[in-house]
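Below is one structure, written out as structure tokens; comments come after it.
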Amino acid sequence: MEFATFADRAGTIDAEPADLEIVAHVRELLAEAGDDSEERRSSGAAVEPQTLEIVARFAQGRVFPAWDSTTLDIGPSACYEAIARAAGTNVSSDDVEDQLAEIGEIGDVAASYDFGGQQGLGAFTGGDADDSSGDSSGGLTVREVYDTLEDLAAAEGSGSQDRKVDLLFGLFNRCSSEEARYLARLVLSEMRIGVGEGTVRDAISAAFDVPEDRVERALQVSNDYGQVARIARDEGLEGLDAMDLAVGRPVQAMLAQAGTVTDALEEWAEAGVEWKYDGARVQLHHVPSADETRVFSRNMEEITDALPEVVEFAETHLEVPVILDGEVVAIDEDGAPLPFQEVLKRFRRKHDVARAREDVSVRPVFFDCLHADGEDLLAEPLTVRHDRLRSVLVDADSGPESVDDADIEGLSLLWRTGDPDEIESIDADALEAGHEGIMLKNPDSSYSPGRRGKHWRKRKPDVETLDCVVTGAEWGEGRRATFLGTFELSVRAGDDLETVGKVATGITDEKLAELTELLEPHIAAEEGQEVELEPEVVFEVGYEEIQSSPTYSSGYALRFPRFVGVRPDKDPEDADSLERLERLQSR
Ligand code: ATP
């Protein structure tokens, strides 16, 4: 396919506001790029098997597959220079930058120049039969653009930036203005023609007559739109269904929504509960027989060299090929977790890793297993995946049954419960251990790469609750004159209690009557409407934020506190501590 044809179709898509129409245009584009029929061959059109893969990526503004962390490694100024050189002797890269400042978009800037493709090489090659834009082009094909960009990405070492500019100049020099528009956008990752991942998925499905959900599955395991398009065309549904995860090729991470314990329990009856570790996401790929270990970040960037501890962990603990999902946590000398900022110091570090490791060491904790010993587990329920995780992590010598989960190194514990109190206490333990709180997961859910769905929920701070001792109240007014209201809340601080706020909202009159009955016997002193209470009753309260504040003796104030309920099962000694408040506040 000529690059001019691609540019022309990209222009049509760019101008199309309706999503469905965009899918239809992308479908046509893919069908055209993938058309290697006899008819097309005999018409003399250039047919190139890899073109379909390239076009499926180019349409999304990608040069390489999503799993491939290769980058062009070319900055905007190198691109401006290439454009300027191709535009002619009287144009400098400063002019290009000035134009950009004025016009605001690199595609429009590139398209505003006359390049060689317009009246140059195209005149000799007879132009492009497919080009309906009116420009005659330099005969550039999609494949040539890709091959050149691949060379450009591979250029490294001294003089490589000049070489990159030369290669890019060579391309612009053969471009018509419309080709230049989309080449510039592609090179600077600014394609923005409204073609998202869902669009390409639907277009592949329509172009090659395969169901969307099966295309989706193939995309999840391969992370490669080009490959999926090619297989859909060449092998159909059977080929798509046969696609598997590849150990060594990163998978998009499943993401979490914010959510509440109440919602989770309403929907699932039982929730999978895990600690939310305060670290950074890692995906570990390990093939023991090949001595191959690769570690990827949440964005599928390879970070193996930065995290030798994770590699060592894999080498000492894993005996079968696996893909594991987890978190890397920074730890102090006693193994206690350090704040997230400390992990960042290690995360993408390229130099002096050994020295950095002496300052801050890290350890991995895994919470999911996507592949184990030749078997893909994405479609399995969380509980099954966690069992596999346990079995791949358990020390082979000790026998899987005899080991307590808590003693398995690198294993994140998974509780399964429908009891909000148990969830509260897991949350409290997580915070106590210096982590962020908890994740709530649907125990029956499969692993959906790249999805931020309802099946994984991070507990929102604003729906977290605190158990506070009620240390004071105020008599109401008017209709509520016989009720206690506006309750003063305190938390434990050693043997003392310190105030953190007052709660007056979220309480019905009926409830106020009940609370008055409960609290009145504990009145220690009264002054006007103000009442001092013996610390006997514990309230569970929600809040939106904890702020530092001089108003209360703890030095903190709960913002928008809301009454959740009385905790008859708790004594003041069991109420939350100032320490927990401080930890929650510093999140
Ligand atoms: P977001 O994912 O919402 O863009 P984020 O990257 O800051 O934001 P959060 O949303 O706060 O992360 O929480 C999800 C992240 O929590 C995961 O990506 C993972 O890094 C981390 N995490 C820690 N413990 C777990 C766990 N047990 N299960 C899943 N994720 C966990």
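For all residues, glycine too, the Cβ spot is worked out from N, Cα and C.
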Recorded ATP site member, picked from F208, F367, F487, that accompanies E274, R281, R298, E327, R452, K458 in TrEMBL: F367
Distance-selected recorded positions near ligand 1 (C-beta under 6 Å), from E274, K276, R452: E274, K276
Within the region 'Disordered' (565-587), residues counted as helix, strand or coil by DSSP: 11 helix, 3 strand, 9 coil
R298, E327, R452, K458 filtered to the binding-site residues whose C-alpha is within 10 Å of K276 (active site, N6-AMP-lysine intermediate): E327, K458
For the domain 'ATP-dependent DNA ligase family profile' (355-493), the number of residues DSSP places in helix, strand and coil: 42 helix, 52 strand, 45 coil
For the domain 'ATP-dependent DNA ligase family profile' (355-493), mean pLDDT (0 to 100): 88
